[in-house]
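Record features, source Swiss-Prot:
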type    : residues         : note
BINDING : E34, H151        : Mg(2+) 2 binding site
BINDING : E34              : Mg(2+) 1 binding site
SITE    : H134             : site 'Essential for DHBP synthase activity'
SITE    : E172             : site 'Essential for DHBP synthase activity'
BINDING : C265, C276, C278 : Zn(2+) binding site
Amino acid sequence: MSEREEFKFNTVEEAIEDIRQGKMVIVVDDPDRENEGDLVMAAEKVTPEAINFMAKYGRGLICLSLTPERCEQLDLHPMTPMNTDPKGTYFCVSIDAHPKHGTTTGISAYDRALTIKLAISPDAKPSDFVRPGHVFPLKARPGGVLERAGHTEASVDLARLAGLYPAGVICEIMKDDGTMARVPDLMEFAKKHNLKIITIADLIKYRLRRETLVEKVASAHLPTPWGVFKIHAYRHKLTGEEQVALTMGEWKEDEPVLVRVHSECLTGDVFRSFRCDCRPQLEKALEMIAKEGKGVLVYILGHEGRGIGIANKIKAYELQEKGYDTVEANEKLGYPPDLRDYGIGAQILRDLGVRKMKLMTNNPRKIVALEGFGLEVVERVPIKIEPNPYNKIYLQVKKDKLGHMF
């Protein structure tokens, strides 16, 4: 039985109404992600009493979620030039309102509420703040939870959906013993304090029913060694980022479709490097789609080196030649083993009419990620590739350290 079935969550509509009224709600993320609940409220409605409640009962770090545009306007720089947070949380340098605005130490509930209110004031300038401080700004992704299923994005989305300034105040909820509160504890907490409680998964579904972040800008036929596919060009409505997908055949919306979500790999896909198994997986997926007569391959640009980029990927190759494995090399460079997000890929699949998938993957994380965006994986279809002398260790590390299933 899932948590959704076992526990009674509120509707997103109920949460939006409470946010509009200036109340807090609890937002819970996926059990396979952080598996925690945050107190969330609109920054526009923050008060010293609300900050005090978060500090007293939430006990976590009180943060201010802002849009990328607002972070730029206030000249809020990343806390570190190299973000190694496995979840990709974008912390900016902490701030306090300048003492000229009436703050003292910056840490009091009054001072923090004042800092937050000032940060969303239309007249605020970078010079209105001192750094470091006691309020921790977080930069949300432009597409909100449809791009990243995090509390940062959820808080901004809820404020925007409530018709308020798109910024949120969030605080993790811990138990009395200092450990993180999980869903059963959060349900008790919500009941005790009369708070609504929702999941990020439900917020994603709510938005998916009403909006999309991608638009198809062109389609054409693409002859390949495996048959004639259709290639579709997509553009992110907010960032302008471009992506492509290949399709063959047609399907009904309730029909499970053979799908491959493939991460960009210049060295493997284009230069046929033996260091990885990317090109063989790409070609095998196209072959399997052609054999089936229908299916989709989404090719995610920007996923080079599991999200670290081509230059860092080649730096990782250098380290591998010195004895580091692929995971150790990423960590030596200051990156988590895998930085990829699949929200845009999920949006493209939905636009192509896919709701149920037979997903061609060896990566269990990809299954969890795509299901988090409202798609159903009815079957995992393994892609079996014979190792070569150059990628044998690489494949073993993916199996042992990243949980890939071969």
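Cβ coordinates are placed from backbone N, Cα and C, and glycine is handled just like the others.
The structure, with features from Swiss-Prot marked on it.
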residue: H134; record: site 'Essential for DHBP synthase activity'; contacts (Cβ under 8 Å, 6+ apart): S94, D96, T105, G106, I107, D111, R112, T115
residue: E172; record: site 'Essential for DHBP synthase activity'; contacts (Cβ under 8 Å, 6+ apart): E36, G37, D38, G58, R59, G60, L61, M180
residue: C265; record: Zn(2+) binding site; contacts (Cβ under 8 Å, 6+ apart): C276, C278, R279, H303, E304
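Annotation note: H151 (Mg(2+) 2 binding site) sits in a helical segment as assigned by DSSP. A helical conformation is recorded for C278 (Zn(2+) binding site) in the three-state DSSP classification. Residues C265, C276, C278 make up the record's Zn(2+) site, and a Cβ search at 8 Å around their centroid adds S263, T267, G268, D269, S273, R275, D277, R279, Q281, L282 from the same chain.
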